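Asker: Provided herewith is a single structure, encoded as C-alpha cells, for subsequent inquiry.
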Amino acid sequence: MTIKLIVGLANPGAEYAATRHNAGAWYVDLLAERLRAPLREEPKFFGYTSRVTLEGEDVRLLVPTTFMNLSGKAVGAMASFYRIMPDEILVAHDELDLPPGVAKFKLGGGHGGHNGLKDIINKLGNNPNFHRLRVGIGHPGDKNKVVGFVLGKPPVSEQKLIDDAIDEAARCTEVWFKEGLTKATNRLHAFKAQ
C-alpha cells in the first residue's frame, strides 16, 4: 500500500491562515517546501496542488480551497481523476483530542465531529478507511467553546509546539515512504515537543 494523495485540511483566505483549524494545511505546506514543489491553484480540483516524487512514488499534494465542511469536494475530485483509493490517501487535520506538540498517524475510524473529515468520508462513498495525520491542537475544555477555539490563533508558545510536531510528522512521512508505516508510526508516536 502506497500513499498517492496527501491532503491538508484548511479554511480558505488570509483571515483563517493562522487559525488552529488550518493545522493540516501547515503540514502540507511544509512538505511542499521541503520537497521544493510549490503548490499552485488548480480550479478543477478545488484546491492548491502539487506533484512530488517520494522514494520513486508519484504523490499528489492538495490543500482544498473550499471551506472545511466541503473538503470532500476537492478530495473526491482528485481521487476520482487519478483513480486513487481511500487507503492511498493521507488526510492531515487538526485534532482537539491531542495536545499541542503531539501528532499521530491513524487509519480509518469516525470523524469525531470534524466537519472536514465528515465530508471526505461522505464524498468517498461513506468510506472512512483513509489514513489520517492527527495534529494536536488541544481542547478548550468546554465543548461550547470549540468553534471559537479552532477558529482562533494559538499563542506563540503553543504555535511552536504545533510547528515542532508538524516538522516531525513531515520527517516521519518520509520515513513511511522509505521504511514503512510501522516504523514511521513508532517514531512519530514517541515524539512530544517540549
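Positions of Cβ are set from backbone N, Cα and C atoms, glycine also.
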Asker: Given that Swiss-Prot lists Tyr16, Phe67, Asn69 as binding tRNA, which residue among Asn115, Asn122 does it place in the same site?
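Answerer: Swiss-Prot names Asn115 for this tRNA site.
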Asker: Please list, in sequence order, the residues in the chain of His21 (active site, proton acceptor) that are at least six apart in sequence and whose C-beta is under 8 Å away from its C-beta.
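Answerer: Result: Leu9, Ala10, Asn11, Met68, Asp94, Val150, Leu151.
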Asker: An 8 Å radius from the center of the Tyr16, Phe67, Asn69, Asn115 Cβ atoms defines the neighbourhood of the tRNA site; name the other residues of that chain inside it, in order.
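Answerer: The answer, listed by sequence position, is Asn11, His21, Thr66, Met68, Leu70, Ser71, Gly116.
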Asker: Helix, strand or coil by DSSP: which one applies to Asp94 (site 'Stabilizes the basic form of H active site to accept a proton')?
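Answerer: It is in a strand.
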